[in-house]
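For reference, the structure discussed in these notes is given below.
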Amino acid sequence: MVKICCLGAGYVGGPTMAVIALKCPAIEVCVVDISVPRIAAWNSDQLPIYEPGLDEVVKQCRGRNLFFSNDLEKHVAEADIIFVSVNTPTKTRGLGAGKAADLTYWESAARMIADVAKSDKIVVEKSTVPVKTAEAIEKILTHNSKGINFQILSNPEFLAEGTAIEDLFKPDRVLIGGRETPEGQKAVKALKDVYANWVPEDRILTTNLWSAELSKLAANAFLAQRISSVNAISALCEATGANVAEVAYAVGKDSRIGPKFLSASVGFGGSCFQKDILNLVYICECNGLPEVANYWKQVIKINDYQKSRFVNRVVSSMFNTVSGKKIAVLGFAFKKDTGDTRETAAIDVCKGLLGDKAKISIYDPQVTEDQIQRDLVMNKFDWDHPIHLQPMSPTTVKQVSVTWDAYEATKGAHGICILTEWDEFKTLDYKKIYDSMQKPAFLFDGRNVIDAEKMREIGFIVYSIGKPLDPWLKDMPAVA
């Protein structure tokens with residue numbers, strides 16, 4: 001029986017291994033993690049992450065050929081294939097601070113594997129890592145190998161949160177990068193055979209190690225670039241009276257461009273886009289390519305610009321001050337159908353409003369109050385370290401309250417900011433909300449989920465990103 005072990009029970013390791021276990025009943029899969037509470041959650045009825053369809057998959061396999069454990073060394077020693085999906089945060093100090101990936105967790109994983117391995121292993125890079133990580137890991141393993149053979153493969157994940165299970169069942173492609181040696185190709189084939197249990201052969205692509213590592217960074221950079229492109233156009237639409245939804249639709253009808261990832265919004269978030277682009281920028285700089293680095297940096301600059309532009313719109317429309325005013329924030333996750341708040345645009349928007357002394361009331365159907373408070377006091381890249389190594393947050397932000405109901409959040413508010421496109425926000429009773437608010441009542445739609453004309457009929461002053469401006473907003477400066 002082939003045994004697979006995965007180091008890291010997070011958003012990547014958990015769902016990926018659960019699907020491998022479901023689709024390959026002949027393979028024993030064990031997910032290990034140093035965090036005791038996290039493994040306990042994977043073994044309970046309340047899984048540590050929310051992902052549509054994940055519960056069913058885990059319940060079908062858990063205890064049969066899918067196991068979750070804190071005993072790293074035992075399972076690593078027994079495994080034939082070891083997936084490593086540990087945190088690769090952005091460095092906050094030292095060489096490459098603010099851009100380079102911090103490979104501390106990766107390196108300690110590699111050293112542990114070398115330490116406990118008694119037989120040949122295939123080690124698979126699953127976390128998003130900078131190009132050439134595989135080479136570094138390979139050196140650590142071979143210098144500590146005690147005569148054991150290690151083959152390193154890169155198998156980047158292309159999951160989108162909120163549709164991870166679907167993406168795993170029917171991937172656009174599975175990418176496997178390996179060494180171009182006979183042993184390397186044998187390892188590639190072994191991993192390919194696992195995926196071939198449910199993925200059509202023509203969707204499993206094999207490349208060299210560097211191509212696989214770079215393809216992941218490039219794919220995320222291209223996706224983020226599309227969002228920044230449409231967001232840049234949204235600012236021009238507001239200035240000229242064009243409607244970004246109509247422009248994006250017309251552009252997306254071109255079959256060479258296609259319609260996906262062309263929704264203007266308050267900005268992209270998530271654990272990968274910004275991190276991967278910063279990583280790409282750093283690699284370009286290290287290889288003496290400043291022009292390429294600056295090109296990709298601009299994608300992040302436009303994203304930051306979009307968030308600050310949104311905050312400026314809110315403040316300038318409300319008589320240039322939100323001090324002491326209650327602002328309702330609907331949605332805190334970085335997108336709908338996930339409880340994940342990593343790098344969510346909501347953090348920067350809330351911090352911007354708090355900087356002007358607003359009182360904020362937040363409602364999100366999947367995010368806990370504890371998580372929101374942590375996000376608002378945490379330093380920029382702290383979220384990407386394992387939870388037990390994150391600074392504890394003794395300070396809570398007093399001007400922030402979290403409710404479990406949109407009507408409670410908006411009661412008595414001067415303005416509403418919609419920051420996540422949850423479906424339920426389309427069907428709220430906005431007349432009831434309007435009646436409970438201070439007047440004039442403002443509605444700032446950062447995700448273009450509501451029908452602006454209907455809201456204006458109710459009485460709201462509406463700002464929708466990239467849409468023709470309300471007469472009220474026309475005289476207000478867009479950028480402070």
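Using the three backbone atoms N, Cα and C, a Cβ is placed for every residue, glycine included.
Nobody curates TrEMBL annotations by hand; they come from automatic prediction.
Feature annotations, courtesy of TrEMBL:
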BINDING   8-13, Asp33, Arg38, 86-90, 127-128, Glu161, 272-275, Arg342  NAD(+) binding site
ACT_SITE  Cys272  active site, nucleophile
DOMAIN    328-452  domain 'UDP-glucose/GDP-mannose dehydrogenase C-terminal'
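There are 25 other CB atoms within 10 A of the CB of Gly8 (NAD(+) binding site), with all protein chains counted. Counting only same-chain residues six or more apart in sequence, the Cβ atoms lying under 8 angstroms from the Cβ of Glu161 (NAD(+) binding site) belong to Tyr11, Glu51, Gly270, Lys335, Asp337, Thr338, Asp340.
Taken residue by residue, the domain 'UDP-glucose/GDP-mannose dehydrogenase C-terminal' (328-452) breaks down under DSSP into 43 helix, 20 strand, 62 coil.
Of the recorded residues, Asn87 (NAD(+) binding site) and the residue listed as 'active site, nucleophile' place their C-alpha atoms 11 Å from one another. The number of other CB atoms found within 10 A of the CB of Thr90 (NAD(+) binding site), across every protein chain shown, is 20. The two recorded residues, Cys272 (active site, nucleophile) and Thr90 (NAD(+) binding site), have Cα atoms 11 Å apart.
Counting other Cβ atoms within 10 Å of each Cβ, the lowest count among the binding-site residues Asn87, Gln274 belongs to Asn87.
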